[in-house]
Structure formats: structure tokens, C-alpha cells
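> Below, the features straight out of TrEMBL:
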type	residues	note
TRANSMEM	B:33-53	transmembrane segment
TRANSMEM	B:60-80	transmembrane segment
TRANSMEM	B:86-109	transmembrane segment
TRANSMEM	B:116-135	transmembrane segment
TRANSMEM	B:161-180	transmembrane segment
TRANSMEM	B:207-231	transmembrane segment
TRANSMEM	B:237-254	transmembrane segment
TRANSMEM	B:261-278	transmembrane segment
TRANSMEM	B:290-315	transmembrane segment
Amino acid sequence: MPSGALLFQSVILGLLLGGLYALLAAGLTLYFGIMRVVMIAHSAFLILAAYLAWWSHTELGIDPLLSMLVTVPLFFGCGVLLQRLLLARLRAVTLTMMSVLLTFAIAVVIEGLLGYVFSGTQRRIQLGYGSASLELFGGRIAVVKLIAFGLAGVALAALYLVMKKTTFGWALRATIQHRDAAKLVGIDTDRVAGFGFGLGLATAAIGGTALSLDTTIYPSLHWHWIGPLMAIIVVGGLGSVPGAAAAAMVLGLAQSLLQIELGTTWAQTVFYLALFLTLAIRPQGFFGGRLAQRF
Amino acid sequence: MPSVSKRLATGIAIVAFAAVALAFPELAPNPYILSVGIVVLNYAVLSTSWNFVGGFTGYISLGHGALAGLGAYGTGLLVTKGGLPSFVALAAGAAIVAAIAIPIGYAALRVRGASFVIVSIALVLVTLLVFQSWASFTGGSRGLNVPRPFPGMLRPEHHRVFFYLFLALLAIALTVWWLIDRSRFGLGLKAIREDEDKAETLGTPTFAYKLVVFVVSAFFTGLAGGLYALWFGDLDPIFQFSILTGSYMVLMALLGGVRNLFGPLVGALIVGSALEYFKVEFGNTPLHLVATGVLLALVVLFMPDGVLPALGALLRRLSPTTETSIREVTAGEVAAIGGEPQHAQSRNG
């Protein structure tokens, strides 16, 4: 039995990790809601943002957090263009399958370009406050992890406010709920869908910056993220943001606790186990609404 | 019903391909070219196996690389740890893969497309994780050596035998695909591809059909993986459980045309040769990934039906027309016949 302090530390780390998962899963859920698209390239953009943060820190000497000033608008634009120029061109009948292939292709291209430009070497940001940590009931929590969690929390809250309180958010939710009806009441659904994708990709920019603070990054790292993230959105119920957030917290916690006994590699299998069990027992996920029934 | 000339053209193409393929080991100038031929054939078998699911049902799997890897490791482990003869191990390995495919298919196919793709990718990631970490059983990242089935054989002769083995496997896979294509079972599968709701309403047991064809596909994929293990003799989890293997299969099948019996084969010939060529010219750089991704994106965006149908459409446009709604008769001739009285009658009745 591990000591109480270790257990406590693992719980905290699991919750902090879960926050980051929740933010990224929210992005994936947005895409799925808008277009029934499983966006494989989401985590590739995540790693791209992490690389941009690392690059701006080592080459330009600025704090990685400041790189968000550029990456967030940039990724927003990328998301809009991706939806308007590429995904909207696909045939509606085979959209789900073909969009997976298209976003997969984008992920592979990003991975290849990252490997070509920055080489396959593992990179890590050395920060002045990188080794600082808080002592809490005998557990040690690194400050950077708290910053990452804070970023994810603020971004999620902002996303929530945009979705619930702004006219654009209403239009976006209307588009997700019923596209034709939204069109009838005068919403330009094509434009809203494009902006929705931009919003989703912006979460990857924030998540990537948070990730770069305390993680060693390499081009193929995105595969370690897309698997857990896809498991989270299935367990939570495809299309449900609260479901994804809850599943992210539970699975992040489970991963962190299992690491004590099993080590990092085997602990990752908890996501895949949860994925298979969910699909076998309750295919629509545990929080899924109407949308999830048929996917 | 295809026209006589079209069937004749297909027949000639098959005979020509078979003749070239059978003579290839004699024509190949050196063992290296022969080994490239084997790799391309392996891709052809893999993407044809993939096409059992992708072509008939329209469900895109990115995880067939993992099934091939399981077939390879299953065969390898049965030979090294189980002490089975090589080709018994091959059959047993493929049977194990088919058995593993049942629960996977059960979880992945109960709901529609999106979950299936997610499970297929997860399959690759989880098998890579397990086979790398479980080093005491699988050899881990150090790899697994599979003894050759014909110990005394020299290298060129070994290549030659395996070239014919892969060719035979390809012929079997194509024949089974062709048989399913013509059967009632195949009709049900294609109904799922066109409209799953309508197929279900009309009484097609969609879930059972999808599961059966997925298991068949897994069996052939496992055979291809196992045969590769026996030929190559050295397995590494990084390459066996690579997401790229699965995406190559998709790319080849899509490029050739998933609705066509020979689509995956044509795609494998194009992509497989290109892959080997680039490996020789440029080595193993990350630009491999970029090229694969760009090609896949282009096919998905502009040629989702594949190159064979695109070529067919081009030929049809250039060839003399046979069926047309434009009448090649003058108004005077129509008047002389009497304005087709039956049509007028049926319209009145």
C-alpha cells in the first residue's frame, strides 16, 4: 500500500492532468457536434503549439505563455480555414469516414513537418520556475503543473461563457442542435461552423502551451494524446461537453493512481480498457444525449 | 451486366498481370528487386484484406496494421515459444487474430462509423503499448527473431519461394472477395454501405453481417502478417504496430478504388513501388510522412472513388457512345413509325 502522501499527490496530479484532458476533449466534442467529424489532427495541432512555445522560448527568449498571443489567433484561423476549405468540400454521405481520413492525413503531415524542421530530438523547455514546487500535506506539486491546470480551467470557463452568454454561442449551439432549423431562423450556419472549428482548434493552442511547460515533446507524441482523448469523448458520450469533462477527470485520476502500482506505460491502457468496455456495455457513452445514439 | 468487350478487356488484364507476376522472379535482375516485389505483394494482400471491410461496408479501419502485427507476432511466438512447425503456426496465428477480432468487432460495430474508426486507431496504440512493454513474452523493443521455415535454403531461392506464396495468398483473397461480391451476403454488405438504416429496415442483419466480414478481413490480414513474419524473420513492435501500416492499406485501397476487385491491388502496385523507390532515393526521412499524408488528402478530396473508376469514366467519355437518350432518328422517321403507340397506351392506361 503506498503512503498517504504519495496517494494524495497522485490524486492532485490526476486532477491537474484531467483538467488538461477536459479542455482538449471539449475541442474534440465541438468538432463532433458541428460536423460529426472525429478530428484526428487535434492532438497534432496540440504538439505543434507546444513546439511553437518551445521555439519561441529557446530562439526568441520569451516566456512560453506569451506565445499564446500568436498561436491562439493563428490556430483559430487555421480551424476556420480547415473547415471552410477542406472539410466542407467532402460529400455529405461519406463525411464521417472521409473526414477521419482527411484529418488523419493532416496529422501525419504535421508530424512529418515537425520532424523535418525540428528533427526527432526530444525537446524540453527550461524555465526559471520549472523546478519550483509547492509542498502540500507531504505531497509535492510542481508549480508549472498548477499553471497548466489554471490555463486549462480559464480556457474552459471562457469557452463555457462564450457558448452560453454570447449571441455567437447561441448560434453555434443552435447549429449543433439542428442545422436546418438554425438556418431557418437566419443563422449563417456555414460561417458559424467555421468559427466553431476555429474555437476548437484554439483549445489545442492553449493546451499545447500548457503541455510544453512540463513535458518533453517529440513529433510523434500526438499519438499518445489522441488515443486517450478519443477514449474520453466516447466514454463521455460523443457530442457531450459535460460528459467529456467528467470522463476526462475520472480517467485522468484513474491513470494517475494506476501509475503508482503499474508504471506509466501500463497505466495508459486504462483509457483503452474504458473505451472497449464502454462500447461493449453502453455504446452511447455515459453522458451522451441524442447525438451519441447513432454514432 | 458488363458488356462483352469490357469483360474481355478485364480478362486480358488479369491474364497479363498473372503472366507478369508468375514470370517476375525470373525477370528480376537481382534478389533486391525480388524482395521489393514481395513487399509490394504483401501490401497488395493487406489492402485486399482491408477491402473486405472498407469496400463492402464502407467502414474505414485505420487499425488493420495492428491485426497484421498480431498475425506476425502470433505466428512468430507460436514458432519460437510453442515449437509449432512454421506453416501450422501461420494458420493458427491467423485463426487467433480472427478470434481476437470477434470481441473487437463486437465493441466497434454495434454503433455507426465514428466509434469504429476510434476503436481501430485505439487498437494500434494499445497493441504497440502492450508488445513494447511486455518484454518477457514478446521480446519488447529488442524485437523477435522468427526462424526461417526452410533452414537450408539460400537467400535468392528463399525470396523466390515466398514470392509465390504471397502470390497464392493474394489469389485466394481476391477469389474470396469476388465470391462475396457476387453473393447475397455481399449484397447485404453493400446495402449497409449505401444506407444502413434502409438495409436494416429491409431485414438485413446488419450487425451480424458487419461482424462476419470484419472477422474474415482480420483472418486474411493475420495470414498476410504471419507470412511476412516467416519471410522477414525479424519483428519489431515499432514497425509491426505502426499506424502507418494501416494508413498505407487505406491509401492503396482508396487510390485503386474500394468498389473494385482489383482496386487495392492496383493501389498497392502504385503506392508500394513508390514507397520502396523513395526509401532508396531519399532514405527514411520524416518527409515520408508528409508525402503519405498529402497523397491521402488529395485522394480523399479529389478522387474518393479511386483511380480505376476515374480512368473508366475518362475512357467512357472518349469512347463511342452506345447508350444514349438522344435519339439518332429524324422527326420524319418517328412520324413514319407512328409515334410509338404502346407508350401512348400505357400512359393512358
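Positions of Cβ are set from backbone N, Cα and C atoms, glycine also.
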> Does the transmembrane segment (B:33-53) reach the transmembrane segment (B:161-180) with at least 3 CB pairs under 8 A, where each pair is 6 or more residues apart?
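Yes, the transmembrane segment (B:33-53) contacts the transmembrane segment (B:161-180).
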> Using Cβ distances below 8 Å and needing 3 or more such pairs, separated by at least 6 in sequence, tell me whether the transmembrane segment (B:161-180) contacts the transmembrane segment (B:261-278).
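With 3 or more qualifying Cβ pairs, these stretches touch.
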> What stretch of B:60-80, B:116-135, B:207-231, B:261-278, B:290-315 shows the most Cβ pairs under 8 Å to the transmembrane segment (B:237-254)?
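Between the stretches B:60-80, B:116-135, B:207-231, B:261-278, B:290-315, B:60-80 has the largest tally.
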> With pairs restricted to those 6 or more apart in sequence, evaluate whether the transmembrane segment (B:116-135) and the transmembrane segment (B:60-80) have 3+ C-beta pairs under 8 Å.
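Yes, the transmembrane segment (B:116-135) and the transmembrane segment (B:60-80) are in contact.
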> Cβ pairs under 8 Å only, please: of the recorded stretches B:86-109, B:207-231, B:290-315, which one is richest in them relative to the transmembrane segment (B:60-80)?
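Ranked by Cβ pairs under 8 Å, first place goes to B:207-231.
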> Who are the long-range neighbours of the transmembrane segment (B:290-315) in its own chain, taking Cβ under 8 Å and residues 6 or more past its ends?
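Non-local partners: 244, 247-248, 250-251, 253-260, 262-263, 266-267, 270-271, 278.
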